[in-house]
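S.K.: Structure incoming, see below.
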Amino acid sequence: MKFPESFDVIVVGGGHAGTEAALAAARMGAKTLLLTHNIETLGAMSCNPSIGGIGKGHLVREVDALGGAMALATDEAGIQFRTLNSSKGPAVRATRAQADRVLYKAAIRQRLENQPGLTLFQQAVDDLVLDGARVVGVKTQLGILFEARAVVLTAGTFLAGLVHVGLENFQAGRMGDPPAVSLAARLRELDLPVGRLKTGTPPRIDGRTIDYSRTQVQPGDDPAPVFSFMGDRSMHPAQRPCWITHTTVATHEIIRGGLDRSPLYAGVIEGVGPRYCPSIEDKITRFADKASHQIFLEPEGLTTHEIYPNGISTSLPFDVQHAIVRSIPGLEHAHILRPGYAIEYDYYDPRNLKASLETKSIAGLFFAGQINGTTGYEEAAAQGLLAGLNAALQTQGKDAWSPGRHEAYLGVLVDDLITRGVSEPYRMFTSRAEYRLQLREDNADMRLTETGRALGVVDDARWDQFNRKRDEVARETERLKSVWVNPAILPADAATQLIGQPIEREYSLFDLLRRPNLGYAQVLALPGGGAGVADVGVAEQVEIAAKYQGYIDRQNEEVDKHREQEGLRLPPDLDYTRLTGLSMEVRQRLQTAQPETLGQASRLQGVTPAAISVLLVYAKRGFKPDEQKKSA
């Protein structure tokens, strides 16, 4: 049957990418439908019970700055918060939270159910409906046709998902959920560039059977950091510690003894796993010289005893898993509640995507999340938001939007995907960004909220809060610049006590804040320092501006130098094989990739700086007709 209503945007999948995509499209006024195989699993944390981390926390803040749900949901569900790299510079500091799975799902579902313009429907999607080279809807398992002007596909690990435990395997989207077999087959019919990847998860432990006296406790930060720019510590539920233990020589012997029954090492699994979250089998093989590997025992929630042992992801047979767990200090009598497993699934080469995350070959069809070869909740959420807002923009007849590498980690993520593709599951790190000092967690709102408001994804409450914060940062900065101290006001003894050394001339408080040994609170203790600002985020912005503005200004100059070439658009129908002055290898790589901008072209493997110079010459000449393709 044909569903009586049609939609602007349909989102397929209710994970972290799908929920952000649906919310973003609906916030922009698009009539949106979210289809999921099971409404009870909306926003489920399929693997580890944590959000954030190095690079990942930056993405969460950017999603939040654009009105997304992940950060606020984490503030409402987080049972431990920590700032990683707190002793390092602000560019690489990152927030990480342990989340209660039940509370997190509830927070996401509450937002979905109360979002105007968003409809939920429980049905697995089996088919994409096309009109020529444009998607016009989807068909579900029951044969229901839903029509739409744009479709966002966020299928996670469900496309032809295959679960492995030892040499046993069976079809599943994740343990306990059916796979999307029909949809996977339909996508393969469309001749899109498909591959296989894999990921894994560890066995879960009953915390009542753990001897915590043999582990090291790891408490959260006090005071706890807050994830959302709209958040507050009062949102946080009760806080819980984590614990640290480690593998042993005996653990490694057990693993080596079971490798002949590992699907990974027996050649049963074809997909490539994540380099930066390897299975324990991979760890002891790749790092054979290490006597032990750290394991973090992470609570799954406030109302369960279940513990997630982060660091022993495995697809070894259950009897080997049992022996592994019991060889670990503190887990000698541990009871496994759920076995670990690996899952193999289809993904599609993201080089077939535009920067908007729309597929190049099928108009109106957007991909987000693990289908694009990424790993991680945060990477999925960021892509979902971008795909959802661009799907809405397309239905409104507006130009697509994607941030540049200098504007957001989201921009780095998308550019890496569509330019370089993936050979293994992609995860975000701060090291992937060229302009880290600009792309900090603390200034994600200053970088993106104004753009989000113009796009339509930022609501009035967030916009008002953003403007209040921006104004307060400006006022406090000017106040500190206007308050002066000199040796008469601050004698040598007092100066030595307060700031570590006497001052030899007059300084503004802002000048003194530039000193590496002085923080905001210490400057307020000086004569005329006053009460300062209560908002920790405002104080942080003021202090970072004082200490790092010189470096930031230099990086801005570097960005400006590259921006003109970076954003120079290349014709979509350009026949690179007919351009002279380029090597055959470069022409072939450009012809295959069809980069949208000169910046993307410059990051293609094998494309040299000399080749970019040649393209720049052609661009200035306007790519004359005799150098272009004569027909589409």
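One-based numbering along the chain as shown.
Just so you know, glycine gets a Cβ as well, placed from its N, Cα and C.
Annotated FAD binding site per Swiss-Prot: GLY13, GLY14, GLY15, HIS16, ALA17, GLY18, in sequence order, evidence recorded as sequence analysis. Per Swiss-Prot, the feature NAD(+) binding site maps to 273-287; the stated evidence is sequence analysis.
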S.K.: Report the residues of the chain - excluding GLY13, GLY14, GLY15, HIS16, ALA17, GLY18 - with C-beta within 8 Å of the mean position of the site's C-beta atoms, for the recorded FAD site, in sequence order.
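M.R.: Residues close to the FAD site, other than GLY13, GLY14, GLY15, HIS16, ALA17, GLY18: VAL11, THR19, GLU20, ALA21, THR36, GLY43, THR154, GLY156, ALA368, GLY369, ALA380, GLY384.
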S.K.: Quick one: Cα separation, PHE287 (NAD(+) binding site) versus GLY14 (FAD binding site), in Å?
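M.R.: Here the two Cα atoms lie 37 Å apart.
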S.K.: Could you check which of the binding-site residues (GLY13, GLY14, ALA17, GLY18) sits closest to THR285 (NAD(+) binding site), going Cα to Cα?
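M.R.: With Cα distances computed to THR285 (NAD(+) binding site), the winner among GLY13, GLY14, ALA17, GLY18 is ALA17.
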S.K.: Could you state the whole-number distance in Å separating the C-alpha atoms of GLU281 (NAD(+) binding site) and GLY15 (FAD binding site)?
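M.R.: Checking the Cα atoms of GLU281 (NAD(+) binding site) and GLY15 (FAD binding site) gives a distance of 28 Å.
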S.K.: I need the most crowded of these binding-site residues: ALA17, CYS277. Count other C-beta atoms within 10 angstroms of each C-beta and give me the top one.
M.R.: ALA17
S.K.: What is the separation, in Å, between the Cα atoms of GLY15 (FAD binding site) and CYS277 (NAD(+) binding site)?
M.R.: 20
S.K.: Reduced to three states, what secondary structure does DSSP give GLY14 (FAD binding site)?
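M.R.: Looking at the DSSP assignment, GLY14 (FAD binding site) belongs to neither helix nor strand, so coil.
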S.K.: For LYS283 (NAD(+) binding site), identify the closest of the binding-site residues GLY13, GLY14, ALA17, judging by Cα separation.
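M.R.: For LYS283 (NAD(+) binding site), the spatially nearest of the binding-site residues is ALA17.
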S.K.: Output, ordered by sequence, the same-chain residues six or more apart from GLY273 (NAD(+) binding site) with a CB under 8 Å from its CB, or 'none'.
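M.R.: For GLY273 (NAD(+) binding site), the qualifying residues are LEU197, LYS198, THR199, GLY200, LEU264, SER279, ASP282, ALA342, GLU424, PRO425.
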S.K.: Taking every protein chain shown into account, which of the binding-site residues HIS16, ARG275, LYS283 has the largest tally of Cβ atoms within 10 Å of its Cβ?
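M.R.: When each Cβ's neighbours within 10 Å are tallied, HIS16 leads.
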S.K.: Please report the Cα separation of ARG275 (NAD(+) binding site) and HIS16 (FAD binding site) in Å, rounded to an integer.
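M.R.: Rounded to a whole number, the Cα-Cα distance is 21 Å.
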S.K.: Report, in whole Å, the straight Cα-to-Cα distance of CYS277 (NAD(+) binding site) from GLY18 (FAD binding site).
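M.R.: Between the alpha carbons of GLY18 (FAD binding site) and CYS277 (NAD(+) binding site) there are 23 Å.
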S.K.: Whole-number Å only: compute the distance from the Cα of HIS16 (FAD binding site) to the Cα of CYS277 (NAD(+) binding site).
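M.R.: The separation of the Cα atoms works out to 19 Å.
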S.K.: Can you count the other CB atoms that lie within 10 A of the CB of PHE287 (NAD(+) binding site)?
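M.R.: Excluding its own Cβ, PHE287 (NAD(+) binding site) sees 12 Cβ atoms within 10 Å.
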S.K.: Which residues does GLY13 (FAD binding site) neighbour through Cβ under 8 Å, counting only same-chain ones at least six apart?
M.R.: LEU35, THR36, LEU153, THR154, ALA155, GLY156, PHE158, GLY369
S.K.: Return only the integer: C-alpha distance in Å from ALA17 (FAD binding site) to CYS277 (NAD(+) binding site).
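M.R.: Cα to Cα, ALA17 (FAD binding site) and CYS277 (NAD(+) binding site) are separated by 20 Å.
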S.K.: What whole-number Å value do you get for the CA-CA distance of CYS277 (NAD(+) binding site) and GLY14 (FAD binding site)?
M.R.: 24
